[in-house]
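Taken from TrEMBL, the feature compositional bias 'Polar residues' applies to 1-11. What TrEMBL lists as region 'Disordered' is 1-24. The annotation transmembrane segment is assigned in TrEMBL to 93-112, 119-143, 190-214, 226-248, 407-425, 470-497. Residues or ranges marked as domain 'STAS' by TrEMBL: 522-652.
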Amino acid sequence: MSGLPGTSTCSGPGKDSDLKSPLGTRLREPLTEARFQQLFGGAEQEPEPPAEPCVPKLCRLWRLWARACSGPGAWRLLLARLPPLCWLPHYRWRAWLLGDVVAGVTVGVVHVPQGMAFALLTSVPPVFGLYTSFFPVLIYSLLGTGRHLSTGTFAVLSLMTGSAVERLVPEPLEGNLSRIEREQLDAQRVGVAAAMAFGSGALMLGMFVLQLGVLSTFLSEPVVKALTSGAALHVLVSQLPSLLGLSLPRQMGCFSLFKTLAAVVTALPRSGLAELTISALSLALLVPVKELNVLLASLLCFTSSLDTRYNVQIVGLLPGGFPQPHLPNLDELPRILADSLPIALVTFAVSASLASIYADKYSYSIDPNQELLAHGVSNLISSLFSCFPNSATLATTSLLVDAGGNTQLAGLFSCTVVLLVLLWLGPFFYYLPKAVLACINISSMRQMFFQMQELPQLWHISRVDFAVWMVTWVAVVTLNVDLGLAVGMVFSMMMVVCRTQRVKCLALGLAEGTELYRPLRESHKLLQIPGLCILSYPTPLYFGTRGQFRRIVEWHLGLGGGKESPKPGALPDTVGEPVRVVILDFSGVTFADAAGAREVAQLAGQCQDAGIYLLLAHCNASVLETLIRAGILDRVTPDQLFVSVQDAAAHALARLERTGLKICTVWV
C-alpha cells in the first residue's frame, strides 16, 4: 500500500534503520493469539459435555430448584423481589423522613385532581382515576427499584386506553341516555379498561419471566420523548370539546387528531359560554395554583348552580370506600390483546427510562427486570379493583424530586392523601366542573411539550437522532400513538443498521515516533511501507455488511476486478508496489455472524491464491471463535493470528525483510 510521496528512507536486508519510530527498535517478539494464551492464559473453552439423557437433566434441574428453595436461597430471592428489605434497614430517618413526607403529601394532593382528569381521558367515571392513583402507587412502593419514581395515572396511557374503550364500547348514536343506561355503559367501559390493565400486566409478567428487561435498550431516548410529545398534542386536541362544552364522539384511527379538530371547528357555534368562561379562568389560574383552583371552581359551581342553570357538566358523586375486588371479564382479553401490547411497551419504556435518569443522577442502580415485575404486578392486581393501565408519570416524578423525595416511602404518604379523599373528602368534589379536569389534562402536558426545546441541541449533537425524533413525532401525530410507536422503533433500528453499512474501511499508517496506527486521511505525519497494507474495518461483520467488506478489501488488494469501483476516502497509488502482506485490524468488529465469517475465510483463500500473506489482528474472543468455526484455520495458520496491530506489523516487516525487499518508508 502506498501513499503521498514525501521524504523516504531505504534500507536493505540486514541493515539497521535510523528511523525515529518503533519499527527500528525491537522491544519483544510479536505475540500471536496462541503464544499469548500460553504466556498469559485466557478464557479457555471448556469441552462440551456429552449429551445427557432426559432423566438426569430433570434431576439436575430439581437440585437447582431445591437449592434455591433452601433457607439462604429463599432469603436471597426475597431480597431481590422485595427491594424495601434492602433499603429500609439503611434508611436515614432523620435526614430523609421529612423530605419523603413532604414530597409524598405534595404528590398525593396532585394525584387527586389529576387522577380524576385522566379518568375522563380514559372514558371512565372520575372515581376510577382515584383508585388508579392509590393501588398502583402502593404496590410499586413495595416492588419497584426506582427510589424517585412516582407512578399512577399517565396521560399517554389514558389516551391509548380511552381510544380502545370507546372503540369497543361505543356510545349509542341516539344519545340522551337515562341514568340507568349511563351507569350500564360506564360499567361496560370500566370492565374493558380493567381488562386492558390485566392484559398489559400479564404481558409484562411474561416479559419478566423471560428476563426481557434488556428490551429497554431498544427504546431509544428520541423515540420515547417524541412519543410522549406527540401524544401530548393528541391529549390537548381531545380535550377541546370538554373545554368548549361540546358533546362530540371521540375520533379514532389514523388522522384522528385532524378529524377531531375538524369536528370542533364545525361545532364551535354550539359551544357553551359558561364552560368556556370556566375553562379560560381555570387555565389562567391553573399554573400557579392548581389545587386551589380545583376548590375555587367547585365552590363557584355550587354557589352559582352552574350545573342546573347552564347545564355545566360536573363530576358528581364520588362513591366512598373501595370497590369489591373481582376478576375482569376474561372474555374481553382476545379483543383487547392487540391494544394491551403497545400499552405494556409504553409503560415499560417510560418507566424504565425515567427510573434510569434519576438513578444515574443520584448514583444508584435499578433492575429493569424487577421493574417489569413491579409494573406487571401493579397493573395485574389493580385491575381487580377496576383500575385502568398505569405507569410512571413525568409530571409527578419531577414534582416528587423537587419536593425532596428520597425513597419509595414517599409513595405511602401519597397513598394516604388519596385514601383520605376516597373515604371522607369525596363529597367536596361533587360540584367540580369537568371542564376544569380538561384544563388539568392540558396543564399536565406542559412538561411533555417542553421536550421540544431540546431539538436544536439534538440537531447539533446527532442528525440521525434528530431524524428519529422527528419521524416518530410525525408518525404519532398523523397516525396514532400505537402506530407511531411502531414506526419510531422500526425507523430507529433501521438507522442503526444503515449506520453499520455506511462505515468506511480505513487504511492505517504508523504515527512518527509512536506505536500508534492512525487512518491515513488524518493530518498526522504517518509512515507507510510499500507492499504492506493495514486495513481497519470498524463495524460488525454480518450478512448486511459482508458485501461492502468484500468490495472494499478487494479494491485495496487488487483482487476480483475491484479496482474498477471508486475507493472511499482512498489516497492515490503513486509508488505502484503490489501488496505482499495485508493486515486486517478487527478491533472494531464487535461480532461476526456465519455469513461474515465465511466471507473472511473466502477472502483468505483469495489472498492465498494471489500470493498475499494475510494476517488478522485484535479479534475478540467471540469473533475469533466464529471465524474458527467457519474454517479460517483451513486457509491460515495460528501464527497468522495476532493480538494487536503492532505485533502483526512487526511480524509483517520482518517477513518483508526476509524476502530481500528494500524497505522504503514513505511519510504522508
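Each Cβ is built from the backbone N, Cα and C atoms, and glycine gets one as well.
The transmembrane segment (407-425) and the transmembrane segment (190-214) are not in contact, since fewer than 3 Cβ pairs between them lie under 8 Å (pairs 6 or more apart in sequence). Tertiary neighbourhood of the transmembrane segment (226-248): same-chain residues 120-121, 155-156, 159-160, 162, 175, 256-257, 260-261, 263-264, 267-268, 270-272, 274-276, 279, 312-313, 346, 349-350, 394, 434-435, 437-439, 441-442, 445, 448-449, 451-452, 468-477, 480-481, 484-485, 488, selected by CB-CB distance under 8 Å and a gap of 6+ residues from either end.
Proximity of distant same-chain residues to the transmembrane segment (93-112), defined by a Cβ-Cβ separation under 8 Å and at least 6 residues beyond the stretch ends, is recorded for 130, 133, 137, 150, 152-153, 290-291, 294, 395-396, 399-401, 403-407, 409-418, 421, 429. Residues 122-125, 128, 161, 164-165, 168-169, 328-330, 332-333, 336-337, 339-341, 343-344, 347-348, 352, 367-373, 375-384, 386-390 of the same chain sit 6 or more residues outside the transmembrane segment (190-214) yet have a Cβ under 8 Å from a Cβ within it.
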